[in-house]
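Colleague: According to TrEMBL, the record shows the following:
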| type | residues | note |
| --- | --- | --- |
| ACT_SITE | Asp254 | active site |
| ACT_SITE | His303 | active site |
| ACT_SITE | Cys407 | active site, amidino-cysteine intermediate |
Amino acid sequence: MLRVRCLRGGSRGAEAAHYIGWRLGRVFTGWVQRSLQSTQAATASQNTCAADDNKATSPVPKDCPVCSYNEWDPLEEVIVGRAENACVPPFSVEVKANTYEKYWGFYQKFGGQSFPKDHVKKAIAEIEEMCNILKREGVIVKRPDPIDWSVKYKTPDFESTGMYAAMPRDILLVVGNEIIEAPMAWRARFFEYRAYRRIIKDYFNSGAKWTTAPKPTMADELYDQDYPIHSVEDRHKLAAQGKFVTTEFEPCFDAADFIRAGRDIFVQRSQVTNYMGIEWMRRHLAPDYRVHIISFKDPNPMHIDATFNIIGPGLVLSNPDRPCHQIELFKKAGWTVIRPPVPLIPDDHPLWMSSKWLSMNVLMLDEKRVMVDANETSIQKMFENLGISTIKVNIRHANSLGGGFHCWTCDIRRRGTLQSYFD
């Protein structure tokens, strides 16, 4: 079993703490600094980091349908999202900060309305075929309920329409036998959890743990209403300064900003995940799991799995356009770092909510099988050279809604035990 050492938090943590302290005062600054130093404390603690290195434990109740510790153990059950009724989110400040300028006119014109119906129809067919292929590979597939996302809703703090239940990875994080519902950060996704409640209640009644993170009010104070982005250069500068559209007014995070490797879970501070959200997760999962902040040269950080995708014990895909600031720590510890090839998706294909790097947003069925885009022949070859068989599926139209295979799924059960891959 490969063993590598614990990682510290992001290299820009001091800058981010300074910024948050400026916004919220010295008391909160001290809290953030303690949060960013938590992984250092974990490294210093022999009991929490290394005492159980040679033990494989499985605290999950027998026959519980929910059990997943990492991204690569043999997949047995999965939730796959739905494109049905997908709506364009209203063009609010948090949506603007997470989308590219060339699509801003699209959001301004169609916010609150359906995505192009013919495109959605094709996406639905692609995901149905993906589900069929997963079933043929021996995986149990569950689906969220279809909901009318065009209905307008209002809280004491804002009003909006919904978006979709296409990306279960964004809202659900499975850690062991626990399903954690993420609080999310977009107002258009406030009620997205409703599509999954039937499934989660079934899992709960079968023995799974079920936790809902604190639901944010999503009041104006959660967002920097004057967040200045007009170009990629602006985005790079702000990200380098540790400035994001979400403030530290209350905890928020999307589950897709976390990636799992047994007892160690890695997360990025992004446009949708703030330090309060990360700290909530760190405290909630301690002491059995260690949460580490890592950072990237990314002008638009939103979700980690098209930037840094762990695909096996000691094996990670690292986006060459968004280098990880802590990557040398992985290399020195013996990890194999793979730079995926440039995506082949055409420039004229609409990607309203994501980048072309969805090509590396793959789903591992086990250490030797991966579900990959049928159009991305370069990354197929990369996996084959690694000795990993590729299961080719075309979800090009589904990509346009903002996700690849990892995004469109949430693995509920993988056959494996809780282990430490870091010390």
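A Cβ is built for glycine as well, from the same backbone N, Cα and C atoms used for every other residue.
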Colleague: Within 10 angstroms of the C-beta of Asp254 (active site), what count of other C-beta atoms is obtained when all protein chains are considered?
Modeller: 25
Colleague: To the nearest whole angstrom, what is the C-alpha distance linking Cys407 (active site, amidino-cysteine intermediate) and His303 (active site)?
Modeller: 9
Colleague: 10 Å Cβ neighbour count around His303 (active site)?
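Modeller: So the number of other Cβ atoms within 10 Å of His303 (active site) is 27.
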Colleague: Roughly how many Å lie between the Cα atoms of Asp254 (active site) and His303 (active site), rounded to a whole value?
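Modeller: Cα to Cα, Asp254 (active site) and His303 (active site) are separated by 7 Å.
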Colleague: Using a 10 Å cut-off, grab the number of neighbouring Cβ atoms around the Cβ of Cys407 (active site, amidino-cysteine intermediate), all chains included.
Modeller: 26
